[in-house]
Amino acid sequence: MKLKFTKMHGAGNDFVVLDGIHQQIDLTPAQWRALASRHFGVGADQILIVEKPTRPDVDFRYRIVNADGSEVEHCGNGARCFVRFVTEQGMTDKRSVRVEVMNGVITLTLQDDGQVTVDMGAPELEPARVPFRAQGLPTHAEGADALYGLEVNGRTEWISAVSMGNPHAVQVVDDVENFPVLQDGPVIEHHPAFPNRVNAGFMQVVDRHAIRLRVYERGAGETLACGTGACAAVVAGIRRGLLDSPVRVHTHGGELTIAWDGGAEPVRMTGPATTVFEGSIDLAALPA
């Protein structure tokens, strides 16, 4: 059986996008991993699946599978690629679509200049809802934010815990390019305080409207950009009194713009979404 796909990226965060409405998709975890493999498959940080919605008030259902075969709640860069995909494939003529994700609904808008704006919803800051086990950890306040001390490779690192539909631990560092992201990232990802694992963000403040960001993504490792990670970092920075909205987020893959008015207001992310190529892959070539 041949599986049709489209290869896309959002600021270098790359995806295999599958139309699950017009073709049957039923892959094993091993097949998901092989499809995402840069040696044995197409290669991607994550795989995005377009499906029919399960509720009447949305246009599509949006599923995300990590490179390790695990399914996750949300991906902001993927959401931008999602709306470009359904538009380019003629699956909708709307410029703005409502999309069902694992734990809610998001709104995606294709702008006239080709950029895509995603209404990411309000951030979740209550530890139990991140989810994050804060009990017993050292803590102190900075601005309106609570910082928690995690033991990481023999050091105590202070993080903010934020959910943007998926969990994030955000840490402010002086020099993000020379910070040991590849060493600390997996330790934070698997820290027992995060029962569902966590995306680890490392943020350097440039000025009150700009940051540099690296993210070690849960189930994918360090990626060139992470949309939900950019949102979580800006939320944490604003709450700590370090940033003012809007904020330009510089990643290795490109620039995103994040706006948030605080409190229960939604976070809005704007950035690029690029189609690279289309193809098909023989599922028989993938391990079962």
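Glycine residues also receive a Cβ, built from the backbone N, Cα and C atoms like all the rest.
Quick look at what Swiss-Prot lists:
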ACT_SITE  C75  active site, proton donor
ACT_SITE  C226  active site, proton acceptor
BINDING   N13, Q46, N66, G76, N77, N166, N199, E217, R218, G227, T228  substrate binding site
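Around the residue listed as 'active site, proton acceptor', taking its Cβ as the centre, 35 other Cβ atoms fall within 10 Å, counting all chains.
Shown are the binding-site residues N13, N77, N199; the one with the most C-beta atoms within 10 angstroms of its own C-beta is N77. Of all the recorded positions listed (N66, C75, R218, T228), N66 has the fewest other CB atoms within 10 A of its CB. Close to the recorded substrate site, the chain also has D45, I64, V72, H74, C75, G78, V215, A220, T223, C226, G229: residues not among N13, Q46, N66, G76, N77, N166, N199, E217, R218, G227, T228 whose Cβ is within 8 Å of the site's Cβ mean position.
The DSSP secondary structure for N77 (substrate binding site) is helix. Of all the binding-site residues in the record (N199, R218, T228), the one with the smallest CA separation from the residue listed as 'active site, proton donor' is T228. Closest to C226 (active site, proton acceptor) in space, going by CA atoms and restricting to the binding-site residues N66, N77, N199, R218, is N77.
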